[in-house]
Amino acid sequence: MVQSYSESDVPGKSQIPEKNSSLDNGDYNERGHWNNKIEFVLSVAGEIIGLGNVWRFPYLCYKNGGGAFFVPYVIFFVCCGIPVFFLETALGQFTSEGGITCWRKVCPLFEGIGYATQVIEAHLNVYYIVILAWAIFYLFNCFTTELPWAGCGHYWNTENCVDYYGENATNITNPNATSPVIEFWERRVLKISDGIEHMGGMRWELAMCLALAWFICYFCIWKGPKSTGKVVYVTATFPYVMLLILLIRGVTLPGAYDGIKFYLYPDISRLSDPQVWVDAGTQIFFSYAICLGCLTALGSYNAYNNNCYRDCIMLCCLNSGTSFVAGFAIFSVLGFMAYEQNVPIEAVAESGPGLAFIAYPKAVTMMPLSPLWACLFFMMLIFLGLDSQFVCVESLVTAVVDMYPETFRRGYRRELLILGMSIVSFFIGLIMCTEGGMYVFQLFDSYAASGMCLLFVAIFESICIGWVYGSDRFYLNIEDMIGYKPVFFIKWCWMILTPGICAGIFLFFLIKYKPLKYNNVYTYPDWGYGIGWFMAMSSMVCIPLGIIWMIWKTPGTFSERMKKLTTPSPDLKMRGKLAALSPYAANDAKLKADGKISTISEKETHF
């Protein structure tokens with residue numbers, strides 16, 4: 001029997017994602033697409049390669065057994081990182097939809113997954129950019145002959161300020177002694193209050209830095225893929241230049257070898273600690289930007305026949321490789337600092353903001369031409385965080401525009417939507433520019449966008465694609481796009497390994513939960529923890545509530561409702577040369593006159 005193909009099924013005819021037929025007229029703007037593969041690759045690289053690669057992975061590696069940490073890291077990389085990363089990217093490319101409507105088309109029952117990812121993303125958009133404001137503030141303070149955190153004697157310093165580099169640290173007996181870099185961070189930058197109960201006044205210098213960060217972010221994405229695709233040529237590549245320069249400088253310093261040895265020396269006994277495995281799993285989810293909807297949005301602007309499988313493997317390896325190399329750049333400098341102060345490496349090793357704004361700046365003061373190296377370091381931080389930030393905002397905008405295309409794909413409404421989101425996020429973020437803002441920042445970081453939320457979403461993403469939509473069906477969709485099927489192992493990850501591993505780590509999170517403390521000293525009031533848990537639950541609750549809502553509003557018996565809600569959208573079709581050969585083509589959702597869905601084979605889902 002000769003198969004007939006439509007024009008859209010012919011290779012080369014589907015280079016640009018299809019537009020919604022209802023919008024295919026002159027009154028609406030095009031959805032947009034990448035001009036070439038490089039724009040997509042650089043945009044994804046800019047999103048996933050961020051601050052966590054520099055300030056989180058090296059410290060976790062050192063803390064959890066050095067080289068031994070790579071054992072659980074590689075296991076989670078293979079079983080969770082690559083499968084979920086590929087799932088989200090391929091889903092966006094196949095559906096040409098944003099982070100919410102893609103799930104609506106694939107499986108209406110699990111549309112709540114999309115809302116959960118966008119809630120997490122909305123939280124990220126508010127607080128992540130505050131880090132850029134801090135880095136911009138430090139960068140402005142680098143243009144001096146002597147770095148302001150290099151010594152005491154400034155108006156923000158106290159009588160307890162001691163220049164550890166200027167005198168032997170072992171001879172300091174004052175129990176309240178603090179270093180100039182800590183006092184600059186806490187008393188000059190943050191002017192930190194006693195607790196979240198005392199928010200204090202606005203730090204207007206930080207507020208202006210935050211406004212500048214949002215200004216830059218807005219104009220990076222205001223034209224969608226057209227502007228984002230051009231900006232990433234700089235923002236995604238410049239950090240590598242800076243990282244290479246800092247790496248070369250770091251490994252040539254005295255004491256660098258000791259720092260690198262502490263970073264990599266394997267302690268196999270640490271593998272028996274469950275926390276090591278949890279840290280490895282959560283780092284994968286943090287650094288790969290999965291379960292945020294970003295990858296789905298970026299993939300949705302791809303050509304239908306783009307080889308997203310090859311792209312995902314390459315990008316995942318690039319991300320982990322960058323984290324590994326960043327460890328050499330960071331720990332070579334920390335080894336130098338420990339050598340100069342004659343203290344063990346444990347005394348100077350930090351992670352998170354403590355590394356970026358205390359440990360590394362302190363080490364820089366011990367180098368010749370310290371303002372230059374400080375300037376390069378903070379420029380690297382700004383570029384690392386900038387593209388992660390504006391891609392997150394772009395992804396949220398994409399999700400909203402795809403939900404209401406008739407409203408936002410007219411004139412300059414999309415640009416106005418981005419402006420509105422930026423302004424609202426800026427004003428919410430101002431609370432983190434107050435004297436008590438650091439306590440709010442930590443609540444956002446530890447609860448709103450925590451590994452617990454990401455793991456919860458990953459469980460349902462895997463179940464939805466692996467079991468409800470069907471891993472075989474999705475593999476056929478992918479084959480239609482790229483011309484061949486990926487390795488069989490990924491299918492089993494979606495069905496068994498990924499949801500099982502994520503569920504195990506999620507339960508361990510709950511069992512081993514410890515209330516957040518600032519600097520391991522300050523304990524939040526009960527209402528502070530309540531706010532944190534509310535932010536965490538605000539995303540996770542979207543999935544069960546979404547399921548309940550969809551079942552409640554769908555007419556018919558329970559069995560009929562489940563059939564309807566687990567059946568893909570009628571307009572979700574393969575557009576390649578396998579479309580007419582699909583065993584699922586005859587079973588796509590078709591509405592009868594009475595509003596009921598026509599026959600659906602059991603082959604369509606795993607129900």
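From the backbone N, Cα and C atoms, a Cβ is placed for every residue, glycine too.
TrEMBL has this to say about the protein:
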type	residues	note
BINDING	Gly46, Asn53, Ser287, Asn319, Leu384, Asp387, Ser388	Na(+) binding site
DISULFID	Cys152-Cys161	disulfide bond
REGION	1-26	region 'Disordered'
TRANSMEM	67-87	transmembrane segment
TRANSMEM	124-140	transmembrane segment
TRANSMEM	204-222	transmembrane segment
TRANSMEM	231-251	transmembrane segment
TRANSMEM	284-304	transmembrane segment
TRANSMEM	316-339	transmembrane segment
TRANSMEM	371-404	transmembrane segment
TRANSMEM	416-441	transmembrane segment
TRANSMEM	447-469	transmembrane segment
TRANSMEM	489-511	transmembrane segment
TRANSMEM	531-552	transmembrane segment
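Structure with TrEMBL features highlighted.
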{"residue": "Gly46", "record": "Na(+) binding site", "Cβ contacts under 8 Å, 6 or more apart": "Val232, Thr235, Ala236, Asp387, Ser388, Val391"}
{"residue": "Asn53", "record": "Na(+) binding site", "Cβ contacts under 8 Å, 6 or more apart": "Ser287, Asn319, Thr322, Ser323, Ala326, Leu384"}
{"residue": "Cys152", "record": "disulfide bond", "Cβ contacts under 8 Å, 6 or more apart": "Cys161, Val162, Asp163, Pro180, Glu183"}
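For the transmembrane segment (447-469), the partner stretch with the most Cβ pairs below 8 Å, chosen from 67-87, 204-222, 316-339, 489-511, 531-552, is 489-511. For Leu384 (Na(+) binding site), the number of other Cβ atoms no farther than 10 Å from its own Cβ, over all displayed protein chains, is 31. Pairs of Cβ atoms less than 8 Å apart link the transmembrane segment (124-140) most often to 371-404, out of 67-87, 371-404, 489-511.
Comparing 67-87, 204-222, 371-404, 416-441 for CB pairs under 8 angstroms to the transmembrane segment (284-304), the maximum falls on 371-404. Those same-chain residues not listed among Gly46, Asn53, Ser287, Asn319, Leu384, Asp387, Ser388 yet with C-beta within 8 angstroms of the centroid of the Na(+) site C-beta atoms are Ala45, Glu47, Ile48, Ile49, Gly50, Leu51, Gly52, Pro239, Ala289, Thr322.
Segment contact holds for the transmembrane segment (416-441) and the transmembrane segment (371-404), given three or more CB pairs below 8 angstroms at sequence separation of 6 or more. Non-local neighbours of the transmembrane segment (231-251) in the same chain are 38-39, 42-43, 45-46, 49, 54, 220-221, 260, 322, 325-326, 328-330, 332-333, 336, 367, 373, 376-377, 379-380, 383-384, 386-387, 390; each lies 6+ residues outside the stretch with a CB under 8 Å from one of its CB atoms. In the three-state DSSP assignment, the secondary structure recorded for Cys152 (disulfide bond) is coil. In the three-state DSSP assignment, the secondary structure recorded for Ser287 (Na(+) binding site) is helix.
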